[in-house]
């Protein structure tokens, strides 16, 4: 029966829908205001200094701290109430990952505090208050996510929507600030390298925001200033992970969930040795490549060209292996007949959207490189390796996205109740039956001897247990010792399924380590999109640098997010 227009359910849902729209618009405007302020500081706009930007960020963090404290206090007073939880949100491995990044972020904050102390004569007070506020914000936020990432909020829903969305966009602005600061540092280094590659026609103007005074302790200042930029990649990942977890919490406000138990899927090293070995080989070789690249690039033209050639050859090999592994996994999925889980799941939906959305960043860079190679009049030898590299980047992410999205949407294999109660009877000539208790008997605490009426299924016939010895011998005589065709077929299917599962787990483990490996080079300054110089000639220096600075953060995040998703796939398989 249809509900009347003025029914309570409709009246109750309308204000919540309105609250969701209003809170999202509040968050977007909060973010856009901060984005404009960040851009104004980056381009040295008149009347805008770094202290203005930091003051805005400090205010946002303080508001979020007040909201989190209020939420935690309210949760403590209602801790005896049974609350609904989203079992798919805030996985333990995700919490461990964000904790690791948060610890490194706290080290970054301590470096910033030390940097401020050394340059305190010419830095604003906001630059000293910011790292202290950020450290407190980080500690409380990680505690909040550990305790409440799975919550489905059903009270004070309008207020909570604004509090959570405020937290989401605060973290996004902190992520943007970190990306911009790190990109400006990388850009300065890149401009200095271009001269060594022979691109003297590009104007080199360093964008410097360094303090205009002397450091009190030169050695410490050097450690702090250099260490800060090596720690920024972890800070960037921390804030984007926090914003995604908080976004899922926002989507879950007022949600009605189906009460079904989710099976825990712990990570196990058993059965993934091959994938781990090949993945570790890729990881170790990537670290070695990054070290050599950073040492050689910018030293001389020959050394820079050799470093770029080495980068492309290694990346082409890794991407080709990843494409092959992904294709094998998709072929295995095509051979299986298993339905997809289409139930409502905000965390899973966000994972899929982020995979495709952030992959667009590296696709943009790859298509730009392909067009530059086609249109350029002069082609240094190393630039030809850029063509297969760019093509493989596009293809590999296309294949990997298909594999991950299908994996997280596949229903978990459920064991049939008939198989659970099956007991294998081993019969040898002239010996008694060896009985194995069923799963249900053990679960219910019943001994094997208590269920004389439960038959044993063997060779497609029923061999009922009898208390009389003569009947038992007759039963043994009637049940042949050899396995029949249906039984062999069952074991064969089981063996094939286990073999496929082992292959998929090894592929997921291999791709997990490969994505971690491919996250390292761009995160720590190994960026051939900056250094090969061909794109700057075709598109112009400033336009191409803008494209790289916009697309690179998404490309870096894609690799870390893919690694996290593949870890989940490995646990689920």
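Cβ from N, Cα, C; glycine included.
Bear in mind that TrEMBL entries carry predicted annotations, made automatically and left uncurated.
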Pick from 26-47, 158-179: which stretch is listed in TrEMBL under transmembrane segment? 26-47
Spell out yes or no: are there three or more C-beta pairs under 8 angstroms between the transmembrane segment (271-295) and the transmembrane segment (503-525), with each pair 6 or more apart in sequence? yes
Long-range Cβ contacts under 8 Å made by the transmembrane segment (229-250), restricted to residues 6 or more beyond its ends, are 23, 86, 89-90, 94, 97-98, 100-102, 104-105, 107-108, 111, 138, 141, 145, 148-149, 151, 153, 161, 164-165, 167-169, 171-172, 174-175, 178-179, 181-182, 185, 346-347, 350, 354, 523-524, 553, 556-557, 560
Winner by Cβ pairs under 8 Å against the transmembrane segment (354-379), considering only 53-72, 503-525, 537-558: 537-558
